[in-house]
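Straight from TrEMBL, the features:
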DOMAIN    1-146  domain 'F5/8 type C'
DOMAIN    288-456  domain 'Laminin G'
DOMAIN    458-495  domain 'EGF-like'
DOMAIN    494-546  domain 'Fibrinogen C-terminal'
DOMAIN    705-870  domain 'Laminin G'
DISULFID  Cys843-Cys870  disulfide bond
DOMAIN    871-909  domain 'EGF-like'
DOMAIN    931-1116  domain 'Laminin G'
TRANSMEM  1148-1173  transmembrane segment
REGION    1190-1216  region 'Disordered'
COMPBIAS  1200-1209  compositional bias 'Polar residues'
Amino acid sequence: FCVFVSKIIKVNSQFFRLLRVFFFPSPLSFSLCPGAGGWSPLSSDRYQWLEVDLGGRTRITAVATQGRYGSSDWQTAYLLMFSDTGHNWKQYRQEGSIGAFAGNSNADSVVQHKLQHQVIARYVRLIPLNWNPNGRIGLRLETYGCPYNSDVLSFNGQSSLLYRLTPRPRQMSSESISLKFKTLKNSGILLHAEGQNGHSLTLELEKGKLQLLIRKGKSLSPDIRYLVTLGSLLDDQHWHHVAVEHHSNHLKLTVDKSTEWVHISPTFAHWDHDQGNVTFSCSEPVFVAMTFTGPQSFLRLPRRIDQSSLGISVGLQFRTWNKAGLLLTFELPNREGRVWLYLSKARTHLQIHKSALNDGQWHSVDLISAGGRLTITVDGDEGASAHASPSFLITTGGHIFFGGCPAEENSQECLNPFKAFQGCVRLLTVDNRPLDLIKVQQRLIGNYSHLQIDMCGIIDRCSPSHCEHGGSCSQSWSTFHCNCSGTGYSGATCHSSIYEQSCEAYKHKGNISGYYYIDVDSSGPIKPQLLYCNMTEDNTWMVIHHNNTDLTRVQPSPEVNQHVVHFEYASDEEQLTAIISLSEHCEQEVAYHCRKSRLLTSPEGSPLSWWVGGPGVGQMHTHWGGAPPGSQQCACSLQDNCVDSRYHCNCDADSNEWTNDSGLLTHKETLPVRSLVLGDIRRHGSESTYKVGPLRCHGDKNVWNAAFFDKETSYLHFPTLHGELSADISFLFKTTSSSGVFLENLGIKDFIRIELNSSNEVLFSFDVGNGPLEVSVKAGSPLNDNRWHRIQAERNVKEASLRLDELPAVTQEAPADGHIHLQLNSQLFIGGTASRQKGFRGCIRSLQLNGVTLDLEERAKITPGVQAGCPGHCSSYGSLCQNQGRCVERPTSFSCDCSSSAYTGPFCNKEVSASFKSETSVTYAFKEQMVNELNRSSSASSSFPSSIYSDITLKAENVSLSFRTSQSPALLLYVSSYHREYFAVLLSKPDKLEVRYRLDSSKDAEILRSKVKNLADRQLHVVTISRLADVVSVQVIHTLITILSVHFVKHHSLCACLFSIDSEGLDLDLAQIASLGFTGCLSAVLFNSISPLKVALLHPKTSPVTVTGPLIQSICGFTSANLSHATETTHHLSGKRPLVNAIRSDSALIGGVIAVVIFVTVSALAIMARFLYRRKCTCQRQEVKTVKPEDNPELPFRSRITSQNGPTENQKEYFI
């Protein structure tokens, strides 16, 4: 029903026009107040208000306003206050933060606002904020609602109410109790319930927050556990709603708008309290508070000077969130000084110039000056008192200022060197007399500015908390802060994960195998988990271990016929499910070793053993590894190699000999293995062992999920983005266009959009009702370079942020008291807009919204103008392939080809090294068929046709190796040709590095010595030698210092002639050093693109390599790529014995031997002489143009074929 009544009106002005305010319990559609009238105060400022007494508590649902009839008077914005008593007003806020309501734009139209949440109150107060600048404040007001009646109880701190539930004929599925309470005390028991077995549950108010406690037992020292804490500032003398719902072993607690579910014992049967006196009414003491809202707020009070008073006393209570602020100040008589009482670092400080209180709770402060002693007492505690005995009398010079100072310039009466106070003050006393703040409000006492009197407008911005993923919330007066330490998340609200979603993502950031935190749903609710990532293969494996991955012997028990084992995984259930779903492939090894113990099939055909796997509790499966689900077979049956063809498993043959069935379970819907049941374990002579390996998954379906937009009008559409309070968006893009919209979602007024605004700028914009907000990032180089670039955008109630690639994130704060809900209702457009304008041309990959990947490829397959997938990853990720590794494109990824590198691993960054002893040798031979031809024709070597020789000029070579040894002298590397020409690297006394070149057998070797000493120190050293034409550079990395020597040599042409190498081919001192062999460690050996040590260790059976003696793979240490170093450059011009022609015949070089870390003795060289033959030849000298180092910094090979025809390469061997 509806009633049409007049209500009592009260205003804060000396003049107003008579107004009848009409109250409608339900909305009606008609002119608000026909005819003349309306309220218009004499002064139009923000301290005017209109108050309506509704005569009783009322459920208010809406308000409507209209300007003063026939005038230019109307308000354009206003605040609404509500109260039960006419005091202690509470401001109504939309969305928990918006305080202002939009008013009128003229005097006649009606503007109605339906309240988002209903209000129960007796008094309504409207405070105009803005009004027509060409008129005055003018108002006609209407409220909507219905009468509200309820029973109330008043508790005095000693009283209580007992309510005992009557026995029920059947068990109730749920029980609930709900109530509303209001209090000025910040602690006390609100509800106590006792159940069976002496268990009890208590709702207790503690520091203005409601705590739920559970107590087990009635002993003197019961087990008390705090389950949850909800609400804040509940001691504000306003009504708060509390509901407790009991569902079996769960309890749902609701305080106002916050809800928590907790697990409890299911034994509670009744709710119980001790009895006491209860008053069935609600007597409310009146405490008038005031709110200091900002830096301009202050209260100035005069002090009545009492001649008999020899001091001053001031008392007050305050509450605030800020750590700093001025509480009060006054000037000493005759301007002899000043007194300040202020907060700093959440503690009270007193400062006299002549010389954790920010928890939102009420705190009392008393300042008393008497008898030459100044005392400050906080919260009435003597232990929290401070005393001072100044040498002068402390009293006031006339006025006391609270909270701050007036904004007038040149005001000497009030000085504030501290922050202004923001918070609430009540129970203010001066000289032991209470101050009537209502008279202050009416400006009958003192003066003030920017105060809200008769209300405490403090807001708990941490209840409910906007900090996600367990982040702790703290706040100041105007904003909140989230501490994300230890959560694994970052950002203003701890929304974004700091970890990657898969091992694949870690790998493509250049990481190596190891343990990493994996957050499979990014910003979603699943917590990060520490998992092992195996990156040693082309596939990157995510390994999830369980409690028993070892081969385990079955120990039969006489009491049971089956052996049952359960597996507990290192990951939580929800994470296991997400990992399996995210991965392209998962597998788990199972093995059963048996002797007289059957695995699956009994003679009757029934399964003897089975395993349980799959999501949740899993399902029973009777197939074994390597066989399809439901087959009740093992891998040997599919491979047709079971030990007994009559059976489908080796173990089912029931043999007296040990055998096994093993294989991989690869069907993701059956993984992981949760338990194993083995049935044939108790027969005489039965023995068995089993193994269930860890769950291994590879392939991140999200990382490479991409779509190519080949037209500006093409786009993909998805369901509406849901991110009212927080949303994060991340993706990668590459394009050749200078602009285009990546993503857009629209609402009625709200929107969100990310776009390439120009060739070097990305723009993130949105509107949640406060007007458009933009965040942009500019790159230092063009973004339309057809390389992958990463965008990460986040919007929450506190700020918006945008990050591009590895640039610092740019943030934009949201308005402190603005709209916070992003309300969208259209489809989400990817690669375009609803208007099909400014579309994006290029690729978008790995698009995630709030941690959920959108399947671009599947949607692109059915969308014209969009192609699934996007190749071309090496342009962006090719740099990850290190040490001369080559990037190879894949349809949805890339890989590194390490065949031309001395390293291995997914990024060619894992060193290949070995430990050598003096007798160790490795021989690597090229063109083995050429050796065979030479052996077959050994009797007539001089009759070889000239066609098998060629003159291939070698303009450059690159040689690198790392070594660790304590031996000196030692030959590290030796390159020899059939012309008795050689290239050698050795350690000589005193532990110096020497490089020797002899490229003309008729002349002595050129010796290049390094400045580095003491290289035989058991430390890792890296040597790199490069030659380009007549320039040779030698680089040695020694204890983090690089010594680079550059040598310039003369050159001329060199004939490629085959001749014999024997012990006489070595210089005497070099032969002596070679006879010592080498003891130490060698790694990363590379001669141009050939790595003889790598093939000897990793591919000894498939490559032309011969190893004698012990060759043990080891780790020498960090390589040059891992060392930081300084560089010293020297120049030496060889004049006495120039290094002959730096251009070498390729046939001679390949026909010779390369000895790396030579352990080769003279006798070993003599053995090799059997494969080498003498032949005289005539050489035609050729002059070759000198090539400077800057002409080709990569030092490539270049060949030039002469007029002679025949093979371009002869026999070539490597000795190690």
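Even glycines carry a Cβ here, placed using N, Cα and C.
Not measured: the values here are computed from a predicted model.
Long-range Cβ contacts of the domain 'EGF-like' (871-909) within its own chain (Cβ-Cβ under 8 Å, at least 6 residues beyond either end) map to 507-508, 510, 512, 535-538, 540, 703-704, 706, 734, 786-788, 843, 960, 1083-1086, 1089, 1091, 1093-1094, 1098, 1119, 1121. The domain 'Fibrinogen C-terminal' (494-546) is not in contact with the domain 'Laminin G' (288-456), judged by fewer than 3 CB-CB distances under 8 Å for residue pairs 6 or more apart in sequence. Taken residue by residue, the domain 'EGF-like' (871-909) breaks down under DSSP into 7 helix, 10 strand, 22 coil. In sequence order, Ala706, Ala707, Phe708, Lys734, Cys843, Ile844, Arg845 make up the list of same-chain residues 6 or more apart from Cys870 (disulfide bond) whose Cβ falls under 8 Å from its Cβ.
Under DSSP, the residues of the domain 'EGF-like' (458-495) split into helix, strand and coil as follows: 0 helix, 10 strand, 28 coil.
Across all of the domain 'Laminin G' (288-456), the predicted model scores a mean pLDDT of 81.
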